[in-house]
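These come from TrEMBL:
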DOMAIN    C:1-470  domain 'Cytochrome oxidase subunit I profile'
TRANSMEM  C:12-32  transmembrane segment
TRANSMEM  C:52-74  transmembrane segment
TRANSMEM  C:86-107  transmembrane segment
TRANSMEM  C:127-151  transmembrane segment
TRANSMEM  C:172-197  transmembrane segment
TRANSMEM  C:209-233  transmembrane segment
TRANSMEM  C:245-263  transmembrane segment
TRANSMEM  C:283-308  transmembrane segment
TRANSMEM  C:329-351  transmembrane segment
TRANSMEM  C:363-384  transmembrane segment
TRANSMEM  C:446-470  transmembrane segment
TRANSMEM  C:497-519  transmembrane segment
Amino acid sequence: MAQVSSADPHDSAEQAARIEKRWAIVIVGIMALLVAVTIFTGLHWAMMPPSRVETIDPSTLHVSGEFVESNLGSAVEANGSVTVRIIGQQYSFTPQCIVVPAKTPIVFRVTSADVVHGMLITGTNINSMVEPGYIATFKTEFDQPGNHLMPCHEFCGVGHEAMWANVKVVDKDVFAKMAANTRRLSCDL
Amino acid sequence: MNSERPRLISLRNPWFTASVGGTLVVLLFSMFVGFIWLPSAQNDALFKGLLDSICSAAGVPRAWLSETSPPVTPQQPVSSVVLTPEMLIGPDTRGSIGRGATLALRCTMCHGARGVSAANTPNLAGQYGPSIYKELRDFQSGARTSAVMAPMVVGLGDQDLRDLSNYYASLPRANSTSAPSAPDIVATGAPMRNIAPCGSCHGGMVNKLGAPWLSPQPRSYLKDQLEAFAQGTRHNDISAQMRNIARNMTPDEIDASVGYYAGNK
Amino acid sequence: MISNKRLVLAHFWLAFGVFGLAILLGEWQMFIRSPLHAWIRDPDLYYRSVTAHGTVMGYVFPTLIAMGLGYAISELALDQPLVGRRWAWVGYALIIIGSIAAVVPVAMGLDSVLYTFYPPMIGNAFYYIGVVLVVVGSWIWVALMGINLHVWKRAHPGAPVPLAMFANVAGAYLWAWTAVGAALELLFQILPVALGFTSTINAGLSRVLFSWTLHAIVYFWLMPTYIAFYTIVPRAIGGRLYSDTMARISFALFLVFAMPIGIHHLFADPQVGAGFKFVHSVFTALVAVPTFLTVFTICASVEIAARLRGGKGAFGWLKALPWDNPQMLALAFSFVLLGFGGAGGLINMSYQLDSTIHNTQWITGHFHLIFGGAIVIMYFAIAYDLWPHLTGRAMLDLGLIRAQLWLWFVGMIVLTFPWHYAGILGMPRRMAYYDYTAPGMAAEGITVVMSVIGGALLVLSAILFFTVLYRNHSATRVEPAPFTFSKAVHEPTSLPLALNGLGLWVALMIVLTITNYGYPIVQLIGLHNADVPAVFVGAKR
C-alpha cells in the first residue's frame with residue numbers, strides 16, 4: 001500500500017483530529033442525553049419493562065393453580081386493585097373478551113399454554129410477550145372507558161392471523177356492579 | 001507480533017486504558033442505574049431494598065403474586081389430561097396396539113369393526129392417538145358427559161386407554177369422499193371473531209395436540225358437538241380453546257363447516 | 001487485481017440470484033394480505049413464504065455479499081493472491097447445500113416457523129441443519145480472512161493494515177462471534193428436539209440466545225455498506241477519505257458495541273430482568289456513536305470531493321457534487337434511509353417508548369428501512385463498482401443505474417413509511433390476512449396498499465439491477481484501470497497497535513458479551529422448570 005505522507009504541513013492533520021474530537025464529544029453528549037431522558041422517565045413515572053421473572057408448567061395450567069379456567073378473567077382484590085389472568089394458546093386468548101375498570105390499578109398475569117405468543121392492546125402502550133414456561137406480570141391503569149383490540153403479535157402457528165381478543169374498559173361503577181354478581185369477570189359471550 | 005503483544009494489553013497503552021476504562025465506566029454506571037436506581041422507583045415490595053432490587057432486576061425467579069383472592073375452583077369437572085407430544089409413546093407400541101385391538105371388541109358395536117362407524121358415532125380409524133386418549137380420560141373423569149360412553153370406560157385402567165388409543169390411531173382412515181371445496185369459514189375462519197381456519201388445528205395444515213381429525217365424521221355428531229361447545233354444555237376443551245371458536249360461529253357457519261367435514265356422511 | 005474473479009462473481013451472482021427470488025416472495029406477501037386480494041385460503045403458504053423470505057434475506061444473501069466482497073478485498077487491498085482458494089469453494093458449496101436443505105422443507109410446508117425459529121415450535125430438522133451449514137460455510141470465510149491478514153502481516157511487519165482489509169476482518173470476526181448465539185440455540189436446543197433426542201425446550205433461553213445473534217447480525221450486514229462508504233465512494237467521486245483513523249475507530253467500535261445489546265429485542269419478554277434490559281439499552285445508545293462518526297467522516301470526505309471540483313460556500317458545495325455518479329447517488333440515498341431508520345431505531349432501543357411499537361409493523365418497517373434500504377442500496381453500488389473489474393467489460397448503462405437507484409430509494413420509502421404508521425396504529429406483524437372492515441382496523445388497509453405499491457417499485461428496481469449486470473457481461477471488453485480504494489487525506493505511515501489489529505476489540509467484544517449476557521444465559525440454563533413441551537409443526541397431516 002502506498003504510504004503517501006501528506007505534503008500538507010503537520011497542523012492540517014491536527015486540525016482535522018480536533019474537529020473530529022469535537023464531533024465525537026457532541027455525539028456522546030447526545031447519546032448521554034437520550035439515556036438521561038430514559039432514566040428520568042423511568043424514575044418519574046416508575047416506568048420499567050417487565051422484570052418479574054416467574055416460571056410455570058404450561059402443560060398443567062388447566063389442572064391446578066391460578067390459571068385454571070374458572071379463575072381466569074378479572075378479579076377484584078381486597079385493596080381495590082384488579083388482577084387480570086389470561087392464557088394465550090393456539091389460537092385464542094382465554095378470556096376472549098377482557099373487561100376492566102378505568103382509573104383503577106390493574107395487574108396483568110399472562111402465560112402461554114403452548115408456544116410463544118404476544119399481546120398488545122391498541123391505543124395503549126400495553127405490550128408483552130406471552131411465553132410458555134413463564135408468567136408475564138405487569139401493572140397498568142386505563143385512563144378512560146373504551147373498546148380496544150388485543151391481537152396476538154407474535155407468530156404462533158398457521159392460525160396466528162385469527163388470534164384477536166377484545167378489551168373493554170368500563171366505568172368504575174359499572175364494573176363494580178358487574179363484579180357484585182361474580183368473582184371472575186369477562187365479557188365473553 | 002509476539003514481542004508487540006504485551007504492549008497492546010498494557011496500562012501504558014492509552015488505547016487500552018481508554019477503551020477498557022471507558023467501557024467499564026459505562027458498564028458500571030448502567031448497572032447501577034438498571035439494577036438499583038430505577039427499580040427503587042417501583043411501587044412493589046419485591047423491588048425494595050438493595051438485595052431485592054438487584055435480584056429482581058437480574059431476573060431471579062420468584063413468586064410475584066402478592067395479596068390476592070384465592071383461586072376460584074371450577075363448578076363442573078374440567079379436563080385434567082396433561083398433553084405432551086410423547087404422551088403415548090411407550091416402550092412397546094406394537095404390544096400396545098395388540099392389546100388395544102382386544103379391548104376394542106367392546107367398541108365395535110358403535111364404532112365399527114375397524115373403527116369406521118356405520119352409525120352416527122365418530123370414526124376412530126386413523127384418529128390422532130392423543131385425541132382419543134384425552135376424550136376417554138375425560139369421559140372417565142366426567143369432564144365430558146355421555147350416557148353411552150360413561151359406562152363403557154368404567155373400569156378401564158390408564159394403560160387400557162393408551163392401548164385403545166394406539167390401536168385406533170394405527171388403523172387406516174376411512175376415505176373421505178372427494179372433498180368439496182372448503183367453505184370460507186373452514187378455509188379462512190373469521191379473524192376478528194377469533195375463528196382460525198379449522199385446518200390450523202384439526203389437521204390439513206397442522207394438528208394441534210389433542211384436537212381430533214375431522215374428515216369424515218358423521219354430520220349429526222359434528223353438529224351436536226359444535227353446538228354443545230357453542231352453548232358451553234360441552235366444556236372439556238382445555239382452557240376453552242374450542243368454546244372460544246364455536247360460540248362466535250353463526251348457525252350458517254356451523255352448518256357449512258359441518259357439511260364440509262361430514263362430506264356425504 | 002483480483003485473481004479469483006470466478007470465486008467473487010460466483011458469490012455475488014448467487015447472492016443476487018436468491019435475493020431476486022426472495023424479493024418476489026416479499027412482494028407477493030404484501031399483495032395477498034392487502035385489501036387488493038381476498039383472504040388467502042391456505043394461510044400456511046403465507047408463512048412458508050415469510051420463512052423463506054426471511055431465511056434468504058437474513059442469512060444467505062448478506063452472508064454471500066460479505067464473503068464475495070471479502071475475498072475481493074483480501075486480494076485487492078493486500079495485493080496478494082487469496083490463501084485457501086479451495087477452502088473458499090468448499091464454503092461456497094456448503095452455502096448452496098445448506099440453502100437447498102433449508103428451503104426445500106420450507107416450500108413443502110414442513111418448517112413454517114419463520115427465520116426466527118420460534119421454539120417451542122419445531123419443524124423438520126433439515127431446515128435447521130441447512131441454516132447451520134450456511135453458517136459453517138461462512139465460518140470458513142471468517143477463518144480465511146483471518147489467515148490472509150495474518151499472512152500479509154508476517155510479510156509486512158509493522159506496516160499499516162489497509163483500511164478495507166481492517167474493516168473486512170472486523171466484519172468477519174463480528175460475524176463469527178455473533179453467529180454463536182443462534183448456533184448454540186440450534187445445536188443444543190432445537191436440533192435435539194427436531195431429531196427426536198428430547199422433547200422439551202426452554203423457549204425463554206432460546207429467545208435470549210437468538211437475540212445474541214439477531215441484533216449484531218445487522219452490523220454484519222452493515223459492514224460491506226460501511227466498507228463501501230469509507231473505501232469506495234470517496235475514490236469513486238474523486239475525493240479523499242477525511243480520516244483514516246476515525247474510520248478504524250468506527251469499525252472497532254462496531255465490533256465492541258454491536259454484540260452486547262441484543263436484549264433490547266426482549267424488552268417485553270418475561271424471562272429477562274429489567275436490569276439487563278437497561279444495560280443493553282445503554283449500550284444500544286453507544287452503538288449509534290460509530291454510525292454518527294461515519295456520517296461525519298463521509299460527509300467531510302464528500303465535501304472534499306466537492307471542493308476539489310470547485311464547490312464553494314457553506315452549503316453551496318453540495319451543488320458541485322457529481323450527482324450523476326451512481327456512487328454519489330447511492331451514498332446519498334443510503335444516508336437518508338439510514339437517517340430515518342436510525343431515528344426509528346432510537347425509539348426501539350428506548351426502554352419505555354419501545355412498548356408502544358414492540359412487535360408491530362413498525363419493526364418490519366424499521367429493519368426494511370435499515371437493511372433493505374440503507375444497506376442493500378450500497379450492495380448494489382458495490383456491484384456496480386466491482387463488476388467491470390470482474391468481467392473486464394465496460395459499465396455503460398449509467399442512466400439505467402441511476403433509474404434503478406432512484407426506484408429503489410423511492411420504493412423503499414413508499415414501502416416502509418406506511419408500515420411505521422400501521423405499527424403505531426397497533427397492527428401486529430406476520431399475519432396472513434387482516435380484516436380491514438373491522439372497526440379500529442379500517443385505517444390500516446390503505447397503508448398496506450401503499451406498501452404493495454412500494455414493493456412493486458422495488459421489484460421493478462431489482463429487474464433493472466439484473467438488466468444492468470447482465471448487459472455488462474456482453475458489453476465491450478475494456479481494460480479497467482487498476483482497482484484502488486479511497487486514499488485518506490493523511491495516509492497512515494504507522495498506526496498504533498490497537499488500530500492495526502483487532503485483538504483488543506475482539507477481546508472487549510467477548511468480555512462485554514459475558515458481562516451483558518452471561519448471567520441471563522447461565523440462569524436460564526439452570527431453570528429446568530421452564531423447559532416446555534415442543535409443539536411440532538407441519539409433521540402430521
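Yeah, the Cβs are placed from backbone N, Cα and C, and that goes for glycine too.
The stretches the transmembrane segment (C:329-351) and the transmembrane segment (C:209-233) are in mutual contact, each linked to the other by at least three Cβ pairs under 8 Å (pairs 6 or more apart in sequence). In this chain, the transmembrane segment (C:209-233) touches the transmembrane segment (C:363-384); three or more CB pairs sit within less than 8 A of each other, excluding pairs fewer than 6 residues apart.
Contact between the transmembrane segment (C:12-32) and the transmembrane segment (C:446-470) is present: at least three CB pairs lie under 8 Å, with pairs separated by 6 or more positions in sequence. Averaged over the domain 'Cytochrome oxidase subunit I profile' (C:1-470), the predicted model has a pLDDT of 95. Counting Cβ pairs under 8 Å to the transmembrane segment (C:209-233), the top-ranked stretch among C:52-74, C:127-151, C:497-519 is C:52-74. For the transmembrane segment (C:127-151), same-chain residues at least 6 beyond its ends with a Cβ under 8 Å from one of its own Cβ atoms are 55, 59-60, 63, 66-67, 70-71, 74, 78, 80, 82-84, 87-88, 90-95, 97-103, 105-106, 110-111, 113, 117, 161, 165, 168-169, 172-173, 175-176, 179, 182-183, 186-187, 190-191, 194.
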